[in-house]
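Have a look at the structure below, then the notes.
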């Protein structure tokens with residue numbers, strides 16, 4: 001008795017089906033190892049380019065210590081996306097790997113960022129300073145998000161810029177964009193704006209210490225509460241000495257600790273909005289299929305909190321913490337180069353005026369609220 005093969009399949013030898021035309025075209029019949037190898041080859045050009053960009057950014061930082069490596073990385077990424085001869089590769093063969101670097105390396109870097117903070121650090125601040133930091137973050141985030149929506153910035157830019165100014169610059173933007181699945185160009189433009197203002201702070205804030213009547217410790221707390229990126233905080237506060245630098249880093253790390261609750265709050269808000277605007281609909285069988293909602297606490301935020309807990313135990317030797325700190329900086333540098341390469345200057349120029357207005361307004365808000373908080377808690 002002969003059994004006819006099913007449609008689209010021919011038998012070759014005893015019981016061995018020939019690949020269907022569809023399988024032959026899309027490669028779905030290939031072994032998993034072959035598909036994995038193809039994916040690696042597809043990602044390799046972009047990952048190598050991100051590594052080269054990170055190395056160049058660190059070289060710039062070593063030559064000009066006042067320029068943080070993260071700032072250099074975003075500038076080099078933007079340049080790479082627009083240089084003739086290189087931009088075609090950035091937008092073509094290297095794009096898949098750069099997208100992976102911008103998202104996944106950023107998440108790993110954020111997890112390692114948790115090793116910079118411990119529960120003991122938070123306790124050292126004291127309740128007045130902790131409440132001051134909470135007020136600064138809430139006022140900056142809420143005010144910037146509201147203003148961005150009022151002036152009509154597109155997409156998730158108001159949300160991302162608000163997170164960057166309120167918490168820790170590019171790292172916060174990366175965390176919120178990962179949780180909300182924001183457009184890569186929105187994230188890149190937001191990082192560029194926040195990085196620009198943070199870099200300006202390195203030059204501007206030290207000039208204001210004497211006119212504002214701040215001693216070194218008060219200046220350090222003001223810098224920690226108002227400057228976005230950790231590297232920019234260090235570069236700004238060190239101009240007033242070690243006392244200013246120590247308090248600046250402590251206040252800044254308290255802001256970093258608020259990254260996890262902020263991301264969770266944003267995700268909860270988006271879930272609520274998704275339920276209201278995208279009600280579950282019936283599938284082909286008439287059953288109701290729930291829409292995909294963002295996780296309340298993304299996995300990388302759980303990892304960030306776990307690293308804070310691990311650092312708080314005191315079990316990790318200084319050599320391990322130093323190595324993790326270096327790894328975190330390298331990963332974030334590569335991720336920011338990749339994010340910068342997604343910036344499209346003509347597209348950015350179309351909203352440049354409004355985005356710049358929002359950035360400057362947010363800068364004034366965070367600096368003003370921080371200054372008032374420092375005076376009230378002095």
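Placement of Cβ uses the backbone N, Cα and C atoms for every residue, glycine included.
Predicted automatically and left uncurated, TrEMBL annotations should be read as such.
Per TrEMBL, region 'Disordered' is recorded for 1-39.
The transmembrane segment annotation in TrEMBL covers 43-60 (among others).
Non-local neighbours of the transmembrane segment (66-86) in the same chain are 49, 53-54, 56-58, 60, 169-170, 188, 191-192, 195, 198-199, 202, 229, 231-232, 235, 329, 332-334, 336-345; each lies 6+ residues outside the stretch with a CB under 8 Å from one of its CB atoms. As annotated by TrEMBL, transmembrane segment applies to 66-86 (among others).
Marked as transmembrane segment by TrEMBL: 125-147 (among others). Beyond the transmembrane segment (125-147), the same-chain residues lying 6 or more positions past its ends with a Cβ under 8 Å from any Cβ of the stretch are 158-159, 161-163, 165-167, 221, 225-226, 250-251, 254-255, 258, 262, 358, 361-362, 365-366, 369-370, 373-374, 376-377.
Per TrEMBL, transmembrane segment is recorded for 159-180 (among others).
Sequence annotations record features per position, and here TrEMBL assigns transmembrane segment to 187-208 (among others).
The annotation transmembrane segment is assigned in TrEMBL to 253-270 (among others). If you look at the transmembrane segment (253-270), the same-chain residues 6 or more away from its ends with a CB under 8 A from one of its CBs are 110, 113, 116-117, 121-122, 125, 129-130, 133-134, 136-137, 141, 159, 163, 166-168, 171-172, 175-176, 179-180, 224-225, 230, 293-298, 301, 304-305, 308.
What TrEMBL records for 291-310 (among others) is transmembrane segment.
Long-range neighbours of the transmembrane segment (330-349) within the same chain, counting only residues 6 or more positions beyond its ends whose Cβ lies under 8 Å from a Cβ of the stretch, are 46, 49-51, 53-54, 57-58, 69-70, 73-82, 90, 94, 98-99, 101-103, 105-106, 108-109, 112-113, 170-171, 174, 184-185, 187-189, 191-192, 195, 355. Summarising the annotation, TrEMBL assigns transmembrane segment to 330-349 (among others).
The annotation transmembrane segment is assigned in TrEMBL to 356-376 (among others).
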